[in-house]
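Structure first, then comments.
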Amino acid sequence: MLSRLSERCTIATGLEQVLRHYVWSAAWLRDAEPAAAASENIDLSGLMERAGRAAYDVFANLYTSQKHWLILVGSGNNGGDGYVIARHAREAGKIVTVLRMPHSKPLPTEAASAQHAWKAVGGTESTMSPGAPLQLPADVDLIVDGLLGTGICGPPREQYADVIRHINGLPVPRVAIDIPSGLNAETGEAAGACVKADHTATFICLKPGLLTGQAKDYVGQLHYRSLGLEDWMTAPERMRVALCRRVALDDVYEYFGIRRSALAHKGSCGKAILVGGDHGFGGAALMSAEACVTVGAGLTRVLTRPEYAAPLLTRCPEAMVTAVETDTGEQLKQQMLEAFEWASTLAVGPGLGTGAYGQAALTAALRHAELHQDKTLVLDADALNLLAGCLHGREGGAAAGARKHLPVLPNSIITPHPGEAARLLDCRVADVEKDRLAAARRLAAILGGTCLLKGPGTIVHCHSSAKTAIVDAGNAGMASGGMGDVLTGLLAGLAAQRMHDTFDTTCAGALVHGVAADMVAAEDGRGTRGIRATELIHRVPLIVNASGPSPASRQRPSGQ
C-alpha cells in the first residue's frame, strides 16, 4: 500500500537518495557555491550551466508536447539559469520567448555569460516595459519562472508582483527554477505575490522554504538535482552544518524496519495513560485511545469522565478506563498522581477542557514527570492552553496570577497547532507562521523537551540536542476535528514502546500520522476533502509493519 503513494521529492540518481533527506540554509549554499564548483574543477558559470541543464531536463520530460516555452528572467542568477534553459529548449526545437525584467545595474557575471551564450545561438529577448501590460504570445503553452531566486526576503517589488499575478491567472502550466518567485527560501513565507508552480526544480540541496510555511501552495511537485555534487555535499563538514532533516515516506522503513521481538509481551511494549474527555469532549479521548492501542502500545489506560466509560469500552475494549468523578482539586490531583505511577508514558490533553479537571491533570502530570524524568509526557490541546496560562498568568491557567515555575522535562513532547503556539509564545499566529522553524525552537525551550509544531511541513525540534526535522507527509484533509487527538495517541503509544529517543519518536509519530492521511486520500482517487480522523487509525498497522529496505541499507553519512 505504501508503494502506491507518490514521492514528494523526485531524484534522478540513487546517489541523491541520502541528500533529499537533509535540508540546508539557502544563505549557507550561496556562500558555499564557489567551493562546490571548485570541487568539480569548474567555475560558477559551469555550475549555472549544470543547473540550467538539469532544470531543462526535468521540465522537458514533464512537458513533452509543449512547443512554445516562455522564459521569464530576472536580474539575478535565477535569470541566468533561465537563459541556459532557453538555449537548451531552442536546441531541442522548441519555440522560445525570453522576457526580461528591466534592471538598472549589470547582470551578475555568471548570468551575463549565460545571456551571451543564449544570444550566440541566435536567441533573442524582450525587456518588459515598466507599467505596461504584459504582452504574451497567444500560443505559449509552458511558462518557466526565472524571476527571483533564493535571496528574496519580503514581498516582490510591484513590477515583479504584477507579472507574477498575471501569469498565475493564465491557464498554462508553470514551472519554477530553484524556488517559486516570491517564496522565502528560509521560511516558506509568501509575503506578497508568489508564483504558483506546478513543478519546481531545485539544485544542490533542499532549502527549508520549499517544505514548510506556505510552500505547499506554491512549490507543486518538487524535483531535486544535486548537479554531481553528491560526494562533496555528503562530506562530514557539510553534513554537520545541515539545518535539519527532511522526514519523508521512505523513513517509515527506518523507524519501523526493526521487527518486534518474538519474546515481546504486553508489559515489555509499554504502558500508556491518556487523560482527557472532560464533560462534552468524550470523543477526543476515545480517538486518542484507539490510536494508542493501534500503534502498538502494550497497555493503554484512559482517565475520563464517567459518562464516557461505557462508550469508550464499547468502541475500544482493549483499553482500560478509570472514571474520574470528583471535581475537588486536591482529590483530582491525588487520583491522577496515583494512576500515573502505573504508566511508563503520560499523555494529557485530548478533550481535557480548561476547568478544574484539566487544571488538576496538568498540575499532576508536570509534578509526576518532574519526579520521573525517564517517562515521556505528551501535552496537547487544552493542556497547552493551560500551560500558556501558567506562562503568562492568564485566567484559566493552572496557576493563578504570576508565572508558575515550570520543570525542565527533556522527555516531554508538546504538539501545538499555530494558534496554541501563539498562546504559548504570547504572540500572533502570523508571527508563528512567519518563521515556523524559529517558533518551534522557542516552543521546545518552554519545557526543555521536544516540540511538534503542526501545520503543512510539520516542524519537530528537540531543545537538548538542537535537532530539527521537517516532516514532509500529510495533506489538507487533515484540517478537521480529531486529527490532533489521533496524533496524541500515536505519540503516546510509540513513546511507551521506547523504540527510539524522544526526538525520533516524535518524528515517527508525525510521519505515521501524515502517511495515514495520504493513504486515505489516495484510495480510489478519493482526495482530501471529508477525511475523518478515525479513518487514519485503521491505516496505522499497515505503516508500522511495512516491509521495505532494511535500515542498514540507508545508512546516514558520517557527520550526522
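The backbone N, Cα and C atoms fix where each Cβ goes, glycine too.
If you look up Swiss-Prot, you'll see 29-235 marked as domain 'YjeF N-terminal'. Annotated (6S)-NADPHX 1 binding site per Swiss-Prot: Tyr160, Asp178, in sequence order. Annotation source Swiss-Prot lists domain 'YjeF C-terminal' at 249-547. Feature annotation from Swiss-Prot assigns region 'ADP-dependent (S)-NAD(P)H-hydrate dehydratase' to 249-560. Sequence annotations record features per position, and here Swiss-Prot assigns (6S)-NADPHX 2 binding site to Gly351, Asp485 based on similarity to another entry. Here Swiss-Prot flags 417-423 as region 'NADPHX 2'. Here Swiss-Prot flags 454-458, 475-484 as ADP binding site.
Features recorded in Swiss-Prot, as mapped to the structure shown.
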{"residue": "Tyr160", "record": "(6S)-NADPHX 1 binding site", "Cβ neighbours (10 Å)": "23"}
{"residue": "Asp178", "record": "(6S)-NADPHX 1 binding site", "Cβ neighbours (10 Å)": "25"}
{"residue": "Gly351", "record": "(6S)-NADPHX 2 binding site", "Cβ neighbours (10 Å)": "27"}
{"residue": "Pro456", "record": "ADP binding site", "Cβ neighbours (10 Å)": "20"}
{"residue": "Thr458", "record": "ADP binding site", "Cβ neighbours (10 Å)": "28"}
{"residue": "Ala476", "record": "ADP binding site", "Cβ neighbours (10 Å)": "15"}
{"residue": "Ser480", "record": "ADP binding site", "Cβ neighbours (10 Å)": "14"}
{"residue": "Gly482", "record": "ADP binding site", "Cβ neighbours (10 Å)": "21"}
{"residue": "Gly484", "record": "ADP binding site", "Cβ neighbours (10 Å)": "23"}
{"residue": "Asp485", "record": "(6S)-NADPHX 2 binding site", "Cβ neighbours (10 Å)": "30"}
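Counting in whole angstrom, Met478 (ADP binding site) lies 12 from Asp485 ((6S)-NADPHX 2 binding site) by their C-alpha atoms.
Taking H, G and I as helix, E and B as strand and the rest as coil, DSSP gives the region 'NADPHX 2' (417-423) the counts 6 helix, 0 strand, 1 coil.
Cα distances from Pro456 (ADP binding site) to the binding-site residues Tyr160, Asp178, Gly351, Asp485 are smallest for Asp485.
Long-range Cβ contacts of the region 'NADPHX 2' (417-423) within its own chain (Cβ-Cβ under 8 Å, at least 6 residues beyond either end) map to 381, 384-385, 388, 429, 431-433, 439, 443, 453-455, 484. Closest to Ala476 (ADP binding site) in space, going by CA atoms and restricting to the binding-site residues Tyr160, Gly351, Asp485, is Asp485.
Annotation note: Gly351 ((6S)-NADPHX 2 binding site) sits in a coil segment as assigned by DSSP. Shown in sequence order, Thr415, Pro416, His417, Pro418, Gly484, Leu487 are the residues of the chain, 6+ apart in sequence, with a C-beta less than 8 angstroms from the C-beta of Lys454 (ADP binding site).
Recorded residues Ser480 (ADP binding site) and Gly351 ((6S)-NADPHX 2 binding site) have their alpha carbons 15 Å apart, per Cα-Cα distance. Ranked by CA distance from Asp485 ((6S)-NADPHX 2 binding site), the binding-site residues Tyr160, Asp178, Thr458 have Thr458 at the top as the closest.
Spatially, by CA atoms, the binding-site residues Gly351, Thr458, Gly482 include one closest to Asp178 ((6S)-NADPHX 1 binding site), and that is Thr458. Note: the Cα of Thr458 (ADP binding site) and the Cα of Gly351 ((6S)-NADPHX 2 binding site) are spaced 22 Å from each other. DSSP assigns Asp485 ((6S)-NADPHX 2 binding site) to a helix.
The Cβ neighbour count for Met478 (ADP binding site), using a 10 Å radius over every protein chain in view, is 27.
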